[in-house]
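The structure appears right after this line, and notes come after that.
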There are 2 protein chains.
Amino acid sequence: MPDRNRKFLLAQRPEGKPDDDTFELVEGDVPEPGPGEVLVRTVYLSVDPYMRGRMRDAESYAEPWDVDEPLKGAVVGEVVESNGGGFEAGDVVTGDLEWADYATAPGSELTAVDPDLAPISTATSVLGMTGRTAFFGTREVAQPTAGDTFVVSGAAGAVGSVAGQIAKMAGARVVGFTGSDEKVEFLEDELGFDAAINYKEADDYVAALAEAAPDGVDAYFDNVGGPITDAVFQHLNLDARVAVCGQISQYNAEEMPTGPRKLGQLIGKRATVEGFLVWDFHARFEQANQQLAEWVQSGDLQYRETVIEGLANAPDAFVGLFEGENVGKQLVKVGEEPDAA
Amino acid sequence: MPDRNRKFLLAQRPEGKPDDDTFELVEGDVPEPGPGEVLVRTVYLSVDPYMRGRMRDAESYAEPWDVDEPLKGAVVGEVVESNGGGFEAGDVVTGDLEWADYATAPGSELTAVDPDLAPISTATSVLGMTGRTAFFGTREVAQPTAGDTFVVSGAAGAVGSVAGQIAKMAGARVVGFTGSDEKVEFLEDELGFDAAINYKEADDYVAALAEAAPDGVDAYFDNVGGPITDAVFQHLNLDARVAVCGQISQYNAEEMPTGPRKLGQLIGKRATVEGFLVWDFHARFEQANQQLAEWVQSGDLQYRETVIEGLANAPDAFVGLFEGENVGKQLVKVGEEPDAA
């Protein structure tokens, strides 16, 4: 085991899009696990859009990161040293850990990953936070039923791609907004979406949606906000449900728009817009994961991961989220998988 | 009974704020009631912001008016001739009738007004559509409970002034946004609001609300939209409820803003935004009116009406709604009350 460890700090808070000045890679000793702690070797690091909010010094649901402190994110890794806490060397675990080669954590803050269930990377994707977000946001908030039209923005992303497939299984017509022709093809041909719209090519989202969702929109899963959401609101049906999961189009705005501007469409349509966080469904995470794993194993639920190699490239992976570089879940492969190690 | 009748037509669809070119007053014969119809002499005509939507040639919950056709609105009047339909001459009725001195309607589309219950004008205000809108929007959608902070925009209007008092009776701290110092005084001193903000004088709505609602906002009854709503969204508490009743700040926009722009605040706060129409609670109108009448009689519920005299001034009364000329319900007195007739 090497005795040196690299980790990323938040060098400064970004104005607008994060860049090289945002991140600093520092080297130091591999940390020692304290009592009840384990030392984890990072295999996969998850980068997620919500992390942009943690770079901002503003109250939000996720605590802001401090400048000069390590960035943290969902990690899948191998326990290499245990000082109690319920895990042994060789165990595969997942938890919220530093963007680092190695990190320590109390065993109580880690969850065991079963390598026989599915590839271990899925513990951060379809069987992880983004899969569960799609699961609860679709089934509990947007609530598509048979015959409904369900629209999802950020449709080829880690959450959107799973949400659309869950809506499809519920019997809905599923329409996605996404950012390239390749992703349109992926959604329509591989995931079974009924239609997908490349928002970077469409001139008029309202018209494009009129064609893709001719019966209007009964349920909308919003990951993006901005003009796409404006257009969807024009098509809401009576008693439509909008699940607000993310607003990625707004996260890098230097001057944050301050609010909703116009909600008039909701009145006549008696529509409901509801923000949610996956953590609120914490008590049912296991149930969700069992269902998701069953669907993955049966082939009913496809998932895709985009993997960038090397911890040093984690900032590029993160910034790429806002450029739509990823299909499905964006991961950084920091170390070898345990089997191959 | 005079044999001439005046009525207002929609002369042309307004761009932006309605003006003299929008309305045309025409004179003709007093109409004859057909079988099952009655002839009603207008006493009070209600003008309401939602009518701006009916002047637009766009799909909405209320059907667009046709150009060169009569405008219609809630009327309280006296039956002067009956051709069946369950009413007799001398009865006081309310219904959706033309902006006219006289109008015919099927008896089945009219409701009896009890002149002993309250002044008959209240059949269009606190015991009419606006009172019921406040009743259901507050109790069923915004749902303030004891200890909550409840904010209402358009607070001194026909709906807002009643909504705030109902929230107060539910035990909430009540804060209103309104458009003059006189209205601030009215809300605080006469209606018992805990605080009111004059949005025409306040430089920074977010800061003003931080002071008026130091514990954040649990329930928001929105009649206005735009920057006031943007500011309220900054203060939403966990599990906040937003009832979207109207968006008067947007109705005269020449280019309608197309949608919500940003809904990010809803995510962390798991807040719900719900549009509603009072018609959805139709089955419970009688129940609402009984409760409202009881409160009015006990003095628990204050109401205010702003009355402009003369049918010819109905357009001014309507346009004045968008300038905030009214305190409480805006009415046009078209004819004498039955007792005085």
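Sequential numbering from 1, following the chain as shown.
Even glycines carry a Cβ here, placed using N, Cα and C.
Where the annotation comes from TrEMBL, it is an automatic prediction and has not been curated.
What TrEMBL says about this protein:
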DOMAIN    A:19-332  domain 'Enoyl reductase (ER)'
REGION    A:1-21  region 'Disordered'
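Residues 27-31, 52, 55-57, 65-71, 80, 98-103, 252-254, 311-312, 314-315, 318-319, 322 of the same chain lie 6 or more positions beyond the ends of the region 'Disordered' (A:1-21) yet place their CB under 8 Å from a CB of it. For the region 'Disordered' (A:1-21), the DSSP counts in helix, strand and coil order read 2 helix, 7 strand, 12 coil. Note on the domain 'Enoyl reductase (ER)' (A:19-332): its mean pLDDT in the predicted model is 96.
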